[in-house]
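> Would you mind keeping the following structure in view while I ask a few things?
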Amino acid sequence: MKPSYNVAMLPGSFDPPTNGHIDIIERSAILYNKLFVVVADNVQKNCIFTAEERKHMLEQILSGHKNIEVVSYRGLVVEFARENGIGVMIRGVRALVDFGYEFELAMTNKQLNESLEVLFMPTSPKYFQLRSSAIKEMAAYGADISPMVPPLVVQMMGNRVKLLTQ
Ligand code: ADP
């Protein structure tokens, strides 16, 4: 499918979605006619939520946005872009440490799909410390994660952590 540069995607693990993710998704959606949030259904990553659960959480949280579609995808996201005529991939960057990794990833993705433009969007300052991995650890030790994630995620994390620690 021919790429449209009015259509973007924001891929990630979202395990679980954080306020930082939601912020970058909502800011990206303002810029494009359509934004796909692509939940990576990656067999190699050790996720605490299934791709379906992560997709469901994002769908609920983002239900007010008509131009956002949440999908889960197993495979290379550059292929998802090719199949769906997506011209732009957005990646959020929090700190300089993110940049090195993201830059290399962008180089690889450009080699795999030359028509896909990768753009980096800096985090909003209030979210720059938010990481899904830290949230999982905090939840496992019973810390209050409610300032960092949407209410639905607090609820889903609570149930999951209880199951994991039983
Ligand atoms: P991945 O496993 O692909 O890094 P993540 O779920 O960690 O997926 O992140 C998905 C996207 O959201 C990435 O582009 C990441 O940089 C961005 N992101 C994650 N947390 C934040 C945050 N606090 N502020 C801005 N962007 C973020």
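Quick reminder: no glycine exception, Cβ is built from N, Cα and C everywhere.
These figures come from a predicted structure and were not determined experimentally.
Below are the features listed in TrEMBL for this protein:
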DOMAIN    10-137  domain 'Cytidyltransferase-like'
BINDING   SER13, LYS45, VAL77, ARG91  substrate binding site
BINDING   SER13, PHE14, HIS21, GLY92, VAL93, ARG94, GLU102, TYR127, PHE128, GLN129, LEU130, ARG131, SER132, SER133  ATP binding site
SITE      HIS21  site 'Transition state stabilizer'
> Can you list which of the binding-site residues SER13, HIS21, VAL77, ARG91, GLU102, LEU130 have their Cβ under 6 Å from some atom of ligand 1?
SER13, HIS21, ARG91, LEU130
> For the domain 'Cytidyltransferase-like' (10-137), what is the mean per-residue pLDDT, to the nearest integer?
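So the average pLDDT across the domain 'Cytidyltransferase-like' (10-137) works out to 94.
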> Go through SER13, SER132, the listed binding-site residues, and name the one with the sparsest Cβ surroundings, counting other Cβ atoms within 10 Å.
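Relative to the other binding-site residues in SER13, SER132, SER13 has the fewest Cβ atoms within 10 Å.
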> Would you list, in sequence order, the binding-site residues among SER13, LYS45, VAL77, ARG91 whose CA lies within 10 Å of the CA of SER132 (ATP binding site)?
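Those near SER132 (ATP binding site) - Cα within 10 Å - are SER13, in sequence order.
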> Find, among the binding-site residues listed as LYS45, VAL77, ARG91, GLU102, PHE128, the one whose Cβ has the highest number of other Cβ atoms within 10 Å in the structure shown.
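When each Cβ's neighbours within 10 Å are tallied, VAL77 leads.
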> Specify the secondary structure state of VAL93 (ATP binding site) as given by DSSP, simplified to three classes.
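The residue in question, VAL93 (ATP binding site), is strand (DSSP, three-state).
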> Sorry to bug you, but what's the C-alpha spacing from SER13 (substrate binding site) to HIS21 (ATP binding site), rounded to the closest Å?
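Spelling it out, the Cα of HIS21 (ATP binding site) and the Cα of SER13 (substrate binding site) are 10 Å apart.
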> Where SER13 (substrate binding site) and LEU130 (ATP binding site) are concerned, what is their Cα separation in Å, rounded?
14
> Going by DSSP assignments with H, G and I as helix and E and B as strand, what are the residue counts for the domain 'Cytidyltransferase-like' (10-137)?
58 helix, 30 strand, 40 coil
> For the binding-site residues listed here (HIS21, VAL93, LEU130), tell me which residue's CB has the most neighbouring CB atoms inside 10 Å.
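Answer by Cβ density within 10 Å: HIS21.
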> For ARG91 (substrate binding site), which of these binding-site residues sit within 10 Å, Cα to Cα: GLU102, PHE128, LEU130?
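Checking Cα-Cα distances against ARG91 (substrate binding site), the binding-site residues within 10 Å turn out to be GLU102.
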